[in-house]
Every structure is written in C-alpha cells, then in structure tokens.
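Copied over from Swiss-Prot:
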- 1-34: signal peptide (SIGNAL)
- 35-605: topological domain 'Extracellular' (TOPO_DOM)
- ASN43: N-linked glycosylation site (CARBOHYD)
- ASN58: N-linked glycosylation site (CARBOHYD)
- ASN286: N-linked glycosylation site (CARBOHYD)
- ASN322: N-linked glycosylation site (CARBOHYD)
- ASN327: N-linked glycosylation site (CARBOHYD)
- ASN351: N-linked glycosylation site (CARBOHYD)
- ASN354: N-linked glycosylation site (CARBOHYD)
- ASN394: N-linked glycosylation site (CARBOHYD)
- ASN410: N-linked glycosylation site (CARBOHYD)
- ASN430: N-linked glycosylation site (CARBOHYD)
- 495-544: coiled coil (COILED)
- 554-590: coiled coil (COILED)
- 606-626: transmembrane segment (TRANSMEM)
- CYS625: S-palmitoyl cysteine (LIPID)
- 627-668: topological domain 'Cytoplasmic' (TOPO_DOM)
Amino acid sequence: MEGPTHPKPSKDKTFSWDLIILVGVLLRLDAGMANPSPHQVYNITWTITNLVTGIKANATSMLGTLTDTFPTIYFDLCDIIGNTWNPSDQEPFPGYGCDQPMRRWQQRNTAFYVCPGHANRKQCGGPQDGFCAVWGCETTGETYWKPTSSWDYITVKKGVTQGIYQCNGGGWCGPCYDKAVHSSTTGASEGGRCNPLILQFTQKGRQTSWDGPKSWGLRLYRSGYDPIALFSVSRQVMTITPPQAMGPNPVLPDQKPPSRQSQIESRVIPHHPQGNGGTPGITLVNASIAPLSTPVTPASPKRIGTGNRLINLVQGTYLTLNVTNPNKTKDCWLCLVSRPPYYEGIAVLGNYSNQTNPPPSCLSVPQHKLTISEVSGQGLCIATVPKTHQALCNKTQKGHRGTHYLVAPNGTYWACNTGLTPCISMAVLNWTSDFCVLTELWPRITYHEPEYIYSHFENKPRFKRDPISLTVALMLGGITVGGMARNRNRDCGLLETAQFRQLQMAMHTDIQALEESISALEKSLTSLSEVVLQNRRGLDILFLQEGGLCTALKEECCFYADHTGLVRDNMAKLRERLKQRQQLFDSQQDGLEGWFNKSPWFTTLISSIMGPLMILLLILLFGPCILNRLVQFVKDRISVVQTLVLTQQYQRLGQWRLRPTVSPQLNV
C-alpha cells in the first residue's frame, strides 16, 4: 500500500486510450448556452458523467439564478470508474478496483489526485494521461502534499458513507458489499458504494461560464502504475415555467393578424365603494385575458394624450421599483416595449375572499376581448387544470360547491380560460371546464444597464457580450398591494401601496386607450372593406356614363374614413426627433470617431497594422542612437582586450634604489 515519495517519474503516467481522446475532442466542440438574464430563476441541473461509459454518476437539480446555484455534489468513486479498472489477475492484491467488495474497501485507503482537462496545458498531456502527465498538473485531491490551485473550478475530497454502518480504515466495511448480491450482509449498500466523494465549486468556478461540459482526470496515488478515471461536470439550465397563452384567442401567441370580430362599444362602468370601504373599480368580465385594473377612480370624459399615457406607465413602474429595490434605480434605463405583447401576467399566491353575494366587480358588462399572451411563474390555481397549464400552479384548489364568488386580492386578477376577471363564480366554474390562475398584471417594460444604451448611441456594431435585459415584472413579480402592506412595516407599506396604485392607474388608462384604438382600427378596416367592395362592384358594372359609380349603384357613396392619421403624425414627429438626436450626436463627434462609425472595416484595419507600425516607428526613432551606443560599447571592449594582450608580452621593471659609487684614488 505504501507508495514512493512524491514526486514520482512521469513515465508511469501514460497509457493508451484512443476512445478517451475522441471524447476529449468532442467535449471541446460543445455549443454554448445563450447568455441568460442574471436575475432570472431557472431549474438548474448539475451532472457528473463518466466519460468512458457515458453513464451519469450524479445529477443534482435545484432552483436558483445562474450566479448563485453552485451546490455541493456527492457521488461515489466507482460511479466514474465502472468496469474500466480491471487489475491483472497476476496481481492478487492490487488495492484498487470496483468489481469486488475487498477491492472497494482497500481503495478507500488509497490517496488520489485530480487534474483539470479544461486548462489545455500541453505538458499535462491529454485524456490518455488523465491530464496528469507530469507532476504539478494536479489541482485538488486527497494526498499527503494536499494539492491546491487558485484557478481551478472545483475541489474533490473524500466523504463519509451514509447510514449507521460506516467504513473505517482498519477492518470490516459493510457498505462495500452490494446488497443486491450480498443481501444477508449487515450494512450492505446499493451497488456497494463505499468510496464517497464530495465536489465543491471554487470562487473561480462560480465566476466562469459553464456553457459546456468541463473534464477532469482522477488518478490513484500508489506504487507503480496510477489508474485513471475521467469525468466531466456540466450544467443544464431550463426555465421553470415557460410563458403560456391564457385566453380564448388561439392565434395571438403567434402574433398573427387578429380575426374580424363584432364591433362592441367599450363601456366603462364606475363602481361605488363597498360596505367594507373598498375603492371604486373598473372591471372587464368575460374578456380574453383582458387587462384591467381594480382600484381606480371613475374615468374622466377627457382622455390624456398618448405621450402622457406612456410616460405615466414608465413613471409608475419607476416609482414602484424605486421603493421596492432602490439599488436598481441608481443608474438604469426603463424601456417601454413597442410591440405586442404589451403586458404580461405573473402567477402568484394570495388569499382571496369568498362571498355569497356577487360583488360589484362581477356585475360589469363584457368589453373588447384583449388577451395577455404570456403568463409565467407559479401561483394559485382554481378548479381542474389541464396538463398543458399545470406548470403554472404552485397550489391547486378544487373550489367550493354552491353559488360562491371568489374575489381576487387588490392588484391581482383571475386569469381564466375564458378571460381575465377580478372575481369568478364557482357555479359557472363547476358547470364548465374552465380553470383560473391568480395573476398580477405588469406592463412590458425592460430594465437595461446603462452600458447597453450607451453602446446604441455610440453606434457600435458589436457588443463585448450579449446584452442582458429583463422585464420589470421579473423584478417586481409577487409584490401586490396587499402583500407589500402585510410583509413590511406600516409606514413603508402605505408608501409602497400608493406607488403601486399609481402604477395600476397608469396601466388602466393605457388599457382603455388600447381599447379605443382597437375600436378605431375596427372602424377603419370596416370602412376600407366597404370601399373595396363598392369599387369592385362598380368596376364590374362599369356604369360610369350614368353619372358616376355611386349613381350607377344607386346607393350612397362610401368613403374611406382614415382614423390612423394621428399615428402617421406621431411617426413623423418621432422620425424628426430621431433625426435631430442623430445630428446632435454627430456634431459631438470628432473626425476620427466619425471615420470609425462610417467604415466598420476601418477599425479592424487600424487595429491590425497599428502594432507593426508602432514598432517600425520606434525602430526609426531610437534605432540610430541604440546602434551608435552598441558600436561604441563594442569598440571599448575591443580596446580593453588589446591592452591586456600587449601587457602580457612585456615585463614591468621594478623600482631599484641607485646608490652612488666611489672611484678609487691613487696616492702619489
């Protein structure tokens, strides 16, 4: 069981496995996910897969956002090994493997290390090496040197077997026996799983993009050959409840032209306060998911303009968002969606009131059949809900017997199969196959970060990343008038209630204007069809010589009543404002920036040649000086060498002291 001291030679870290090379290549060819909204809640599933057999070792699902759903995953080592570890029969005690209980038990006491395959490091090898061709490639594991990393995405450690019969390092281990084979063994587990592992995500793993599966290699640390196991970690993101259409109009989800319906005059009926202090309301009954608002004042004869009506919608949404989530409104853009659907429904939970007598909101007359084409979320459902819409239900009630009326809380509505209404009759609901979902109604206003809007003004052809936009309903869904006042303190609740009611009034005014627009469009289409039919009949008869087409037909002349002139005027004003903004924006740009906007290829060309051009310019500027310095330095070195050579050929004379000599004298 003892292995050599770390490090070991890398020659023991290779083996032939052509199938794993192919799997490793396929992992790098996976398509990425679309960038999602960071605030959207999804059903996220993390999967650990054996790359050799393709069997899932673990699949953990939970609800959350893409930025915080990183659970701790538990799986067994034998689930990512399978039958790939088959020690030689000539090795009676290999100490590893998953085919026998004794080998599974001995494998528990063997250290292991894990190497990432997503790093694409050449020195670490490929799948045939377990991405651990040399020492230093390991980033996590259970060894005596405790490998760590500051850049890898996961950590893998040993766990503890479940149940009261746990394994220890010194003797018998019941969980290592498969209860399907050894049913009489005490403590036997399913599949003999006694090598639990714990996988956790690091901070880098939480920040990376899991747009495809990422692979790792696990190797046992033992004397001789270190066996290899390959596994991958992947994330699957699914919406909890995809938006579904609610209402009798089956063509609106596809946004096709509406079918011609009978012209019904819009009638707004103000309701007097109830005995319990209720506020007047305006309701729409038997409408195809007709958007309406509950606590509003009676309609004024004078209708506000389109611009003011749209501004009130955005302003009411901003005030509500500012009160409930002020951090989101410090620097943001709220954009009103100009294409259908203009409203969306969010299914919520709430406490409705049960009344024996019909309230005033149930006595209104049907109006135009407006339909909300998107209902998402999970909320309270009444009656028998078909399987196609059960995803919208978090709680389902069968309703009540008898003649009862269920009134939705303030700020919410019953989205039924036959239309949107503030109250429902149980007698009608029990008699028909209708069903209802408690919903909130929100205008489709998207929330954008400031960088997204600025990029449009700068006319950038591309973005660094896909823009993230979400509707305000996703940020404020479930915040009703009653819910805000119930879940917060009294003063704050009253303030938020006032903001929410202001938004509701703006929505109601906008919906009434939409109804009037639909009526005007119906009249315009009817008038146009009459003109077309009359011209066709006149052209067939060709009685123009008798005084004209109308005289020949002996009927009143029909003329096209154009009720869309205001639309054309508004569009002309809009184009004029856009042109003025574009001129103002162009005047604030310099010439170089204008070149970049007019020629998209100019940016690519400049960025490609700028580097070599700068290098060439630096060489021309500083090249002569550097060359002179280099030549002077070489000359100095050569001069020193010549001086040394000449010095070695001569010997320096010493300083000898010269004494005076006395010449001999002769005596005469």
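Even glycines carry a Cβ here, placed using N, Cα and C.
Sequence features, as recorded in Swiss-Prot, placed on the structure.
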residue: ASN58; record: N-linked glycosylation site; contacts (Cβ under 8 Å, 6+ apart): TRP46, THR47, ILE48, ILE73, TYR74, PHE75, ASP79
residue: ASN327; record: N-linked glycosylation site; contacts (Cβ under 8 Å, 6+ apart): none
residue: ASN394; record: N-linked glycosylation site; contacts (Cβ under 8 Å, 6+ apart): ALA347, LEU349, GLN378, GLY379, LEU380
residue: CYS625; record: S-palmitoyl cysteine; contacts (Cβ under 8 Å, 6+ apart): none
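The glycosylation sites examined here are ASN43, ASN322, ASN351, ASN430; by Cβ neighbour count within 10 Å, the least packed of them is ASN351. On the backbone, the CA of ASN351 (N-linked glycosylation site) and the CA of ASN430 (N-linked glycosylation site) stand 20 Å apart.
Just so you know, of the glycosylation sites ASN354, ASN410, the Cβ with the fewest other Cβ atoms around it within 10 Å is the one at ASN354.
Taking the C-alpha positions, the distance from ASN322 (N-linked glycosylation site) to ASN410 (N-linked glycosylation site) comes to 21 Å. Between the C-alpha atoms of ASN410 (N-linked glycosylation site) and ASN430 (N-linked glycosylation site), the distance comes to 24 Å. Between the alpha carbons (Cα) of ASN43 (N-linked glycosylation site) and ASN430 (N-linked glycosylation site) lies a span of roughly 34 Å. DSSP assigns ASN351 (N-linked glycosylation site) to coil in the three-state reduction, placing it in neither a helix nor a strand. The separation of ASN430 (N-linked glycosylation site) from ASN354 (N-linked glycosylation site), Cα to Cα, is 15 Å.
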